[in-house]
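Structure first, then comments.
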Amino acid sequence: NVQFVTLHVKAQLRTIKRQFLQENKCLSEEKLEEFLAKALEASNYGVSVLNNASANWNWDFTSALFFASTVLSTTGYGHTAPLSDGGKAFCIIYSVIGIPFTLLFLTAVVQRIMVFSTRRPVMYVHTRWGLSKPLVAAVHAALLAIVTASGFFLIPAAIFSALEEDWNFLESFYFCFISLSTIGLGDYVPGEGYNQKFRELYKVGITIYLLLGLIAVLVVLETFCELQQLKQLRKIFYLKKEKPQDRLTILDHDHLSFTSVSDQAASLRDDKTEPFVDVPVLSSPAGDDHIIR
């Protein structure tokens, strides 16, 4: 199906190009190809040659904020990229410093949210109703996944399909999934239309949505990782830990030391059974030997 759509679009483009060359015979095909190559290259960097996209939207504040959020979250749509050498160098330094801090921040936030969203509710139901803790945790994880999918995938997809003229519900849901999974293919980016209303506010809202959605997805994943059923499943793939060689040497040394101490104690017990003083033997004048005790 995908291959058929690709071939269909390619055939349409070739037909349009052929008609354009027939209507403009003063233009050679080589010049047209050169112009199209430069236009496509500029489009990859977020620069459009169309008259209706002449506004400077590439590096205004909201676009720069959106770009920074996609870099720090490692989503990286690729629709906007630095062109200058200084911008590329700054992007490298900014990513090296910012991405680890962002991961630490997300980890800390997720662990704190887990206390209120997962651990306390599960413990409360377990102690209040006396239900099995693994069962309560599994039901809670399923409900949390449903709420997260509704709040950060289905409802936003419906909103995007209403705000974006060229997007249907599937394409909007596709954008939500690609974004919150940090895949970031960049084939669908909201707020890039030339007639987008309240574009600055729209971009800020998308940035906040991506941050909150990423936290919510991480909370759900962490909740499922703490399930007892998954922990038992993961044990199947674990390798059995072998005792290190130095630990075996220490155990053997301790065994030998204990054996030598035991042997010494046994020899001392044997020595105690023998008399400590030899009793002299006295002879009587008659020549009979008697032991005087």
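FYI, residue positions are counted from 1 along the chain as it appears here.
The backbone N, Cα and C atoms fix where each Cβ goes, and this holds for glycine too.
The shown structure was predicted, so the numbers you read here are calculated from the model rather than taken from an experiment.
For the domain 'Potassium channel' (54-113), the model's average pLDDT works out to 87. The domain 'Potassium channel' annotation in TrEMBL covers 54-113 (among others).
TrEMBL lists 152-225 (among others) with the feature domain 'Potassium channel'.
The N-linked glycosylation site feature in TrEMBL is assigned to Asn52.
Within the same chain, residues 68, 71-74, 214-215, 218-219, 222-223 sit at least 6 positions outside the transmembrane segment (92-114) and bring their C-beta atoms closer than 8 Å to a C-beta of that stretch. TrEMBL lists 92-114 (among others) with the feature transmembrane segment.
Among the features that TrEMBL reports, transmembrane segment is placed at 135-160 (among others).
What TrEMBL records for 172-189 (among others) is transmembrane segment. Sequence-distant contacts of the transmembrane segment (172-189), counting only residues of its own chain at least 6 positions beyond either end whose CB sits under 8 Å from a CB of the stretch, comprise 70, 73-79, 152-154, 156-161, 164, 210, 213-214, 217.
Annotation source TrEMBL lists transmembrane segment at 201-221 (among others).
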Handout entry: Spatial neighbours of the transmembrane segment (201-221) far in sequence, C-beta under 8 Å, 6+ residues away
Key = 62-63, 65-66, 69-70, 73, 75, 106, 109-110, 113-114, 117-118, 141, 144-145, 148, 151-152, 156, 163, 176, 179-182, 190-191
